[in-house]
Amino acid sequence: MRRAKITIVGAGNVGATCAHWCAAAELGDVVLLDIPRTEDMPRGKALDLMQASPIMGFDSNIVGTTDYADTADSDVIVVTAGLPRKPGMSRDDLLATNAKIVTSVAEEIKATSPNAVIIVVSNPLDAMVQQMFKVTGFEPAKVIGQAGVLDTARYRTFLAMELGVSVEDISALLMGGHGDTMVPVPSCTSVGGIPVTQLISKERLDEIVDRTRKGGAEIVSLLKTGSAYYAPAAACAQMVEAIVKDKKRVIPVAAYCDSEYGVGGYYVGVPVVLGSGGVERIIELSLTDEETKAFQNSVDAVKSLVSTMDGLLAE
């Protein structure tokens, strides 16, 4: 049986860690790509990972390269390329530079792997995945953004820490943009099947939501020289697994919404069924009035971000 071919674009912390997770889980063979000026760096990381395989007991081929020809006919491509956040920066501060990087990557993917499912990780996420979709011209189901899995994982972690319970017993959902306007859905949040609102006061829940919104910035401020990578890479690997194994996972991703939720042609975080074809369907929830208002506010922020990006690229 043919192994899946998984390409990671960007061999920095997120990309290399994602390659590690994917290889260790034997999700397929991995190509780790970076720009030519990095010279042999991706090859070095790939070789290091390969040498871990006999110790950790996984059997995946891992190749490092600076040539998109080596990525040809990939099944899944994870795009982590772009400048990372530094202390004091918002995700939006990266907009102009990373939009140009993502445009270049999109053109290469279109030429070499026209049938791939693309997972965009580069920030600001909601604008970058929109740009990837625009430049590749791929069907919208095959271009998705990694945001909701990570945001929900952070939310679940903080809830578990607050309650002193296992993270495995926390079920939660966050929607909307990847940033300060992300929307918690309390009606879809439970602890061992118990509604979270029965266990935590609204005031304390609001504080946990606020920490979740600032979760990436908190890590940036602690690291000082970089941004989060273990959890973002793990989130990517979970999405890759859902695709290559056709698992039909119900998870939140940045998906192209047209009529869904009345969004009107933008990428925004919503729950989907994720399988071999990418987004197989978007799940539309009945939100409360408060949740609906917060979600629309988040969508408006995404639209404004995309409009700003389009203006910068047109200059």
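Placed from the backbone N, Cα and C atoms, the Cβ positions cover glycine too.
Of the residues Asp34, Asp75, Swiss-Prot places Asp34 in the same NAD(+) site as Gly10, Ala11, Gly12, Asn13, Val14, Gly15, Asn98, Val121, Ser122, Asn123. Close to Asp34 (NAD(+) binding site) in the fold, though at least 6 residues off in sequence, lie Val9, Gly10, Ala11, Gly12, Gly15, Met41, Pro42, Gly64, Thr66, Ala81, each with a CB less than 8 Å from its CB. When the recorded positions Arg85, Arg154, His178 are ranked by how far their Cα is from the Cα of Val14 (NAD(+) binding site), Arg85 comes first.
Counting every protein chain shown, 28 other Cβ atoms lie within 10 Å of the Cβ of Val121 (NAD(+) binding site).
Counting every protein chain shown, the Cβ of Arg85 (substrate binding site) has 22 other Cβ atoms within 10 Å. The two recorded residues, His178 (active site, proton acceptor) and Val121 (NAD(+) binding site), have Cα atoms 11 Å apart. When the recorded positions Arg154, His178 are scored by other C-beta atoms within 10 Å, His178 scores highest.
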